[in-house]
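The following features are taken from TrEMBL:
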- 41-63: transmembrane segment (TRANSMEM)
- 44-490: domain 'Major facilitator superfamily (MFS) profile' (DOMAIN)
- 83-101: transmembrane segment (TRANSMEM)
- 113-129: transmembrane segment (TRANSMEM)
- 172-190: transmembrane segment (TRANSMEM)
- 202-221: transmembrane segment (TRANSMEM)
- 283-305: transmembrane segment (TRANSMEM)
- 347-369: transmembrane segment (TRANSMEM)
- 396-423: transmembrane segment (TRANSMEM)
- 435-456: transmembrane segment (TRANSMEM)
- 468-486: transmembrane segment (TRANSMEM)
Amino acid sequence: MDPSAREPLVRKTSSSYHTFPESTVRRLDKEYLWSLHNKRLYLAVFAAVLGNFSFGFALVYPSPVIPALEAHPSPALRLDQHTASWFGSVFTLGAAAGGLSTMMLNDCLGRKLSIMFSALPSAVGYALMASAQGVWMLLLGRVLTGYAGGVTSASIPVYISEISHPGVRGMLGACPQIMAVLGSLVLYALGKYLGLVLDWRWLAVAGEVPVLAMIILLCFMPNSPRFLLSQGKEEEALGSLCWLRGKDTDYAREYEQIKDSVRKQSRRVSCAEIKDPFLYKPILIAGVMRFLQQLSGVTCILVYLQSIFKKTSVILKPEYDAALVGLVRLFSVVIAAVSMDKAGRKILLFVSAGVMLASNLTMGIYIHFMPASHNSTIANQTLVSSASLPAEPTNYITLIPLLATMFFIMGYALGWGPITWLLMSEILPLKARGVASGLCVIVSWLTAFTLTQFFLPVVNAFGLEVPFLFFAIISAGNILFTGCCVPETKGRSLEQIEAFFRTGRRSFMR
């Protein structure tokens, strides 16, 4: 396109994008999306979400390692019940610390450099666990890998949302969850099939591979155009957007829209500005969503999955249960990624919360009306002799906990898993995006740590059905919160979303 002919179009679009009344503007937006070639964008997203692969790998690292360390011949490395509990849960404290530091890193270093920075504590953490000579090295390694996970979980969604265009932002926003699930599945596979050949230390060595791949690939990826504009680097921002969209597209029009939005915002948030609904409303929505996401019980269920199945006497072996649940989770996240930009965010959140409500309620009612002693008897008979089972229907009854858990994970992965992270990166205003995303991560992981620590004491004191009934109540609250507070962001640019919170006019979201 001739530059002289482009200028009027840019000015017209820049001035008219505030209200979007003209069908012409919508037609130009559709034509622009159709003209895009996303190969480079997908490459940049892939490079970033390798950090989530490492995060998922590190999160479930204790699953195959704790049994090996509990039987370790060296007293310095042998885990008892107390140290094994801390080995599993201290990761979340490191993640909370990572979210806290990201409040400054995202705005000082930028999104891309923050993700690259996470490679340092992650690599050191895996190295400590691989060469551990004492429990303190294992715990420190878990803290460092958790810290890296906190940094990536606050930075990667923001980076992806800022480099993506509205047509594929929903699908790409689900990629962090997909890669985290893949990382967990790879860890399970390595622990199960290579555990007989390789020492547990080699699992930590394997964790270094995605970290190194991430930092190498990110060296060749551009930074976020919105962050560069906020730093006054206009030429670099234009070059970044050109690289992401392609030279043959009308990327200059999108650049002017982004520039116009950034120009209206100061670079720092003052305490007085926090009272502005434009800032506190999206921050409050994102923070409450992270809080409710963890209160729904996902971390507790994943961490204590084998213990829950053992207590409810599911017939299948625990390792097969974990792998089956992981595959269901992966399949559901992929469905969410494909349908997010078509069905919308809110409808998936409603479906997700409804499935979690039904699953937790089923689990709680089953445990309440099926005494533990009866379950244990059935399990023992099954393991000893299948011929001694009293009746065939009993087999199906004992599979209810597995099916309920699979449906819970499916429901979570369809909505409240990936969409919570995506909405956090979409609705937070640019001027507070770095600080607010770190704050949301802190809320998330402190809630996860608290629930994980109190889950077993509550079960021992009141029974396993109590936490599941509590999770069901929270899932019902998720439905109400989605209907009352969560905006639909499908197909909306980040500038449109900011305009909605700034003015409160729903015409910006149509």
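Using N, Cα and C of the backbone, Cβ positions are placed for all residues, glycine too.
Counting only same-chain residues 6+ beyond the ends of the transmembrane segment (283-305), those with a CB under 8 A from a CB of the stretch are 60, 88-89, 92, 318, 321-322, 325, 353, 356, 360, 405, 408-409, 412, 416-417, 420, 423-424, 427-428, 432, 436-437, 439-441, 443-444, 447-448, 451-452, 455-456, 467-468, 470-471, 474-475, 477-478, 481, 485-487.
Confidence in the domain 'Major facilitator superfamily (MFS) profile' (44-490), given as mean pLDDT, stands at 80. At the 8 Å Cβ threshold, with sequence separation of at least 6, the transmembrane segment (202-221) lacks contact with the transmembrane segment (396-423), having fewer than 3 such pairs. Beyond the ends of the transmembrane segment (396-423), by six or more residues, the same chain brings 153, 157, 161, 169-170, 173-174, 176-178, 181, 285-286, 289-290, 292-293, 296-298, 301, 305, 308-309, 312-316, 321, 324-325, 328-333, 335-337, 340, 345, 348-356, 358-360, 362-363, 366-367, 370, 375, 378-379, 382, 478, 486, 489 to within a C-beta distance below 8 angstroms of the stretch. Remote same-chain partners of the transmembrane segment (41-63), defined as residues 6 or more beyond its termini with a Cβ less than 8 Å from a stretch Cβ, comprise 84, 87-88, 91, 112, 115, 118-119, 122, 125-126, 129, 142, 145-146, 148-149, 152-153, 155-156, 159-160, 163-165, 168, 172, 175-184, 186-188, 191, 203-204, 206-207, 210-211, 213-214, 217-218, 220-222, 244-245, 302, 306, 322.
If one looks beyond the transmembrane segment (468-486) by at least 6 residues along the same chain, the residues whose Cβ comes under 8 Å of a Cβ in the stretch are 285, 288-289, 292, 295-297, 345-346, 349-350, 352-354, 356-357, 360-361, 363-364, 367, 416, 423.
Here the transmembrane segment (83-101) does not touch the transmembrane segment (347-369). Their Cβ atoms form fewer than 3 pairs under 8 Å, with each pair 6 or more residues apart.
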